[in-house]
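Encoded as structure tokens, the structure appears first; notes follow it.
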Amino acid sequence: MNGRDEETVKVVDLDTYFRPTRAEISLDALRRNLQAFRSSMSASTKLSVCVKANAYGHGAIEVSRAAEQFGVDYLNVAFLEEAIQLRKAGIHTPILILGYTPPEAIEAAFRYDITLNIFSEECVQALEQQASQWSANHAGRILKVHVKIDSGMGRLGIRSPEDAVRTINRLRSIQGVEVEGLFTHFATADEADKSYAQVQRDRFLTVVDVLKEHGITIPIVHTSNSAATIDMPSWSDQMVRVGISLYGLYPSAEVNQQSIALEPVLSLKSAVSHSKPLPANEGVSYGVNYHTGDGEWIATMPVGYADGYSRLLQRKASMLIRGQRVPVVGTICMDQCMLSLLPLGEAASTIGPGEEVVLIGRQGEECITAAEVAEWLGTIHYEVTCMIANRVPRVYIDNGQVVKVSNPLLLG
């Protein structure tokens with residue numbers, strides 16, 4: 001949580017979860033990030049946000065509700081089930097699938113009013129083969145599609161301008177289909193060197209120009225991810241797709257962080273379950289690869305690799321207790337891990353069950369960021385937040401108060 005929020009939120013809905021390990025999601029910070037992007041954009045540019053992968057671990061339904069209340073123009077997901085989850089939760093904002101939708105799932109996309117990504121001839125053929133079924137079952141309804149151009153990612157997408165023209169003309173001939181969008185995705189926009197991003201941008205604009213020469217104008221053209229939205233605002237076109245930065249995390253250390261102020265939305269917290277002093281040379285955890293000093297206090301935490309706190313963090317990670325960093329020691333277990341309280345000095349003996357511990361976030365003047373955890377793991381902060389398991393409850397904070405607890409283990 002950021003400095004403007006309460007550093008410790010008193011959870012009032014304890015009957016909705018019992019183990020103290022939880023991810024706290026600040027809806028206040030989320031809204032401020034949305035406003036920061038909206039304020040930096042032209043009023044005519046649409047704002048879409050990525051809520052795929054359970055909103056990068058933040059909870060897709062509650063994040064989407066907050067984004068819808070704010071007034072975003074589009075939500076982006078990876079595949080159909082993620083979109084249907086949002087529709088069943090009462091989300092009405094347009095939803096674009098960025099990934100693959102198999103032919104047998106197209107009718108469901110039509111039924112739930114989901115926008116499809118069309119990126120190949122096979123996608124078009126699937127639509128053509130099912131068009132008659134839509135007209136019979138959903139008379140008067142429209143299936144919107146966005147055509148994906150591969151401008152240099154080497155992933156999904158149509159490569160040549162000529163293929164784009166043929167694809168869009170075929171799509172326009174299918175009853176019940178509307179070509180609403182045209183887009184691409186940058187591979188290196190988060191790097192200081194924008195030369196390859198410029199190559200991709202130029203290739204994409206060539207496709208746009210060739211389409212115009214054939215009398216084809218697409219209503220929503222979009223290329224910019226978080227990094228491009230921050231660093232190249234002139235590339236915003238008709239819409240931007242903000243992903244990681246919606247959650248207050250910059251895409252990389254190389255983007256211009258001075259151009260927009262973002263606040264981390266997620267904090268990962270728990271509490272000590274047990275603490276005790278151990279004699280000298282006592283082994284800790286599986287493999288006993290850590291040995292204590294005489295009288296060293298060890299605290300046990302109810303969080304482990306099954307929660308997304310990877311075993312690779314051992315011998316690298318720290319957590320925060322009373323605003324100080326304390327190291328994770330010994331092997332991280334499936335459901336638990338241990339901390340050495342040596343940095344706390346004499347105060348170590350006063351640490352007992354229920355003492356709050358911060359794994360990601362701020363406590364006092366100290367802060368552990370998702371980017372720092374990613375550095376310990378040798379990965380990126382996207383993966384760190386996405387790794388937080390579903391068995392970790394998401395506690396939603398609005399105006400400093402708990403407004404919602406999502407604990408999938410207690411559903412049903």
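In case you wondered, yes, glycine gets a Cβ from its N, Cα and C as well.
Per TrEMBL, active site, proton acceptor is recorded for K52 (among others). Within 10 Å of the C-beta atom of K52 (active site, proton acceptor) sit 19 other C-beta atoms, taking all shown protein chains into account. Look at K52 (active site, proton acceptor): DSSP puts it in a helix.
Annotation source TrEMBL lists N6-(pyridoxal phosphate)lysine at K52.
In sequence order, G304, Y305, A306 are the residues near M334 (substrate binding site), counting only same-chain partners six or more apart with C-beta under 8 A. Reduced to three states, the DSSP call for M334 (substrate binding site) is coil. Residues annotated as substrate binding site in TrEMBL: R155, M334.
The domain 'Alanine racemase C-terminal' feature in TrEMBL is assigned to 265-397.
Annotated active site, proton acceptor per TrEMBL: Y286 (among others), in sequence order. Y286 (active site, proton acceptor): 12 other CB atoms within 10 A of its CB, across all protein chains.
Cα of K52 (active site, proton acceptor) to Cα of R155 (substrate binding site): a distance of 18 Å. The Cβ of R155 (substrate binding site) lies under 8 Å from the Cβ of H185, each of these being in the same chain and 6 or more residues away along the sequence.
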